[in-house]
Amino acid sequence: MNEITLRLNDEPARLPAGTPLADALQQWDYAECRIAVAINGEFVPRSAYAERILHDDDRIDIVAPVGGG
Amino acid sequence: MDALHDDTLTLYDETFASRFLLGTALYSSPTVMQQAIRAAGCEMVTLGMRRQNPAGGDGDAFWQILRDSGCRLLPNTAGCRSAREAITLAQMSRELFDTPWIKLEVIGDDYNLQPDPFGLLEAARELIDQGFKVLPYCTDDLVLCQRLRDAGCQALMPWGSPIGTGLGLMNRYALQTLRQRLDVPLIIDAGLGAPSQAAEAMEMGFDGVLLNTAVARAHRPALMAEAFAEAIRAGRSGYLAGLMQQRQTASPSTPPLGQPFWHRDGG
């Protein structure tokens, strides 16, 4: 099976080609987390997780709430 | 106290009884943060977003504590270095926290964390177009603040001094000018280290104060939060009451007429 290499929070990650974002989040144990996602610097709304297919070299940022001033 | 009781802060058509906004970073524990929020009596708290690794972090627990506080949430775009980054993070925050409120930060310099006025204005325009309630963290530059207001920002948050310094109101002339020239709510954000500095900002006519480090890093954060809350109320009362004009020459308070032991011949 073809694999793609991408960056998850600036760390290398590998996935089968054609994986949708929703499946990747499940695989990475984010399913129960309160998070928001951007790919290549663009916000990806939750409603698009299922249809957004990940590609080679995608840069995925996943953020969660923290204390802030 | 009656005048103060009816004196509310309005931001984007929402009313707040408290003029104290508190940050949620740097506390020694979540319990200490909760105690400080309660002591501050604030109704809006700031918070941030950071990368979370798989199955790690306690973002959900932290968020739940803030939800339980009953405060409105003001997510920030701290650390963003371009309009594009700030816009993306604001969009993420709107979904994450289910709120259109955003404390917009676009940082232009690493040394003093000074806002980038150009990126800030660009991001503010775009986010207001997208329906956000933008509270921009800005410098005390009058023209920048006018441009932000013209872009649709219904409140502005000029710095007192750089973030985390505790230096207080560094440029009183610029801040006074902002107060005189702008009729939108102005909240002093960043740089306040002592309750007296917050009182001074309020006496100058600023509408509120946002701070974090001075409370979170105090030996007793809840007590410091209470001190700031009292100073903000005192300063606001002083402003509403009307401060006397300063002058160079002395003027006796007790009437000179009828002064005993005084003789016309000076004897």
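Heads up, the Cβ atoms here are built off N, Cα and C, so glycines get one too.
If you look up TrEMBL, you'll see B:LYS103 marked as active site, schiff-base intermediate with DXP. Here TrEMBL flags B:GLY164, B:ALA190, B:GLY191, B:ASN212, B:THR213 as 1-deoxy-D-xylulose 5-phosphate binding site. According to TrEMBL, the feature domain 'Thiazole synthase ThiG' maps to B:11-255. The region 'Disordered' feature in TrEMBL is assigned to B:245-267.
Recorded features from TrEMBL, shown on the structure.
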residue	record	DSSP class
B:LYS103	active site, schiff-base intermediate with DXP	strand
B:GLY164	1-deoxy-D-xylulose 5-phosphate binding site	coil
B:ALA190	1-deoxy-D-xylulose 5-phosphate binding site	coil
B:ASN212	1-deoxy-D-xylulose 5-phosphate binding site	coil
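Spanning the listed 1-deoxy-D-xylulose 5-phosphate site, residues B:GLY164, B:ALA190, B:GLY191, B:ASN212, B:THR213 have a farthest Cα to Cα distance of 9 Å. Its Cβ taken as reference, B:THR213 (1-deoxy-D-xylulose 5-phosphate binding site) is surrounded by 19 other Cβ atoms within 10 Å in the chains shown. Between the CA atoms of B:ASN212 (1-deoxy-D-xylulose 5-phosphate binding site) and B:LYS103 (active site, schiff-base intermediate with DXP) there is a gap of 14 Å, rounded to the nearest whole number. When averaged over the domain 'Thiazole synthase ThiG' (B:11-255), pLDDT in the model lands at 96. Here the residue listed as 'active site, schiff-base intermediate with DXP' is positioned 12 angstrom away from B:ALA190 (1-deoxy-D-xylulose 5-phosphate binding site), judged by their C-alpha atoms.
In sequence order, B:LEU113, B:ALA190, B:GLY191, B:THR213 are the residues near B:GLY164 (1-deoxy-D-xylulose 5-phosphate binding site), counting only same-chain partners six or more apart with C-beta under 8 A. For the region 'Disordered' (B:245-267), DSSP puts the residue distribution at 0 helix, 0 strand, 23 coil. Counting only same-chain residues six or more apart in sequence, the Cβ atoms lying under 8 angstroms from the Cβ of B:LYS103 (active site, schiff-base intermediate with DXP) belong to B:THR46, B:LEU74, B:PRO75, B:ASN76, B:THR77, B:LEU135, B:PRO136, B:TYR137, B:MET157, B:ASP189, B:LEU210.
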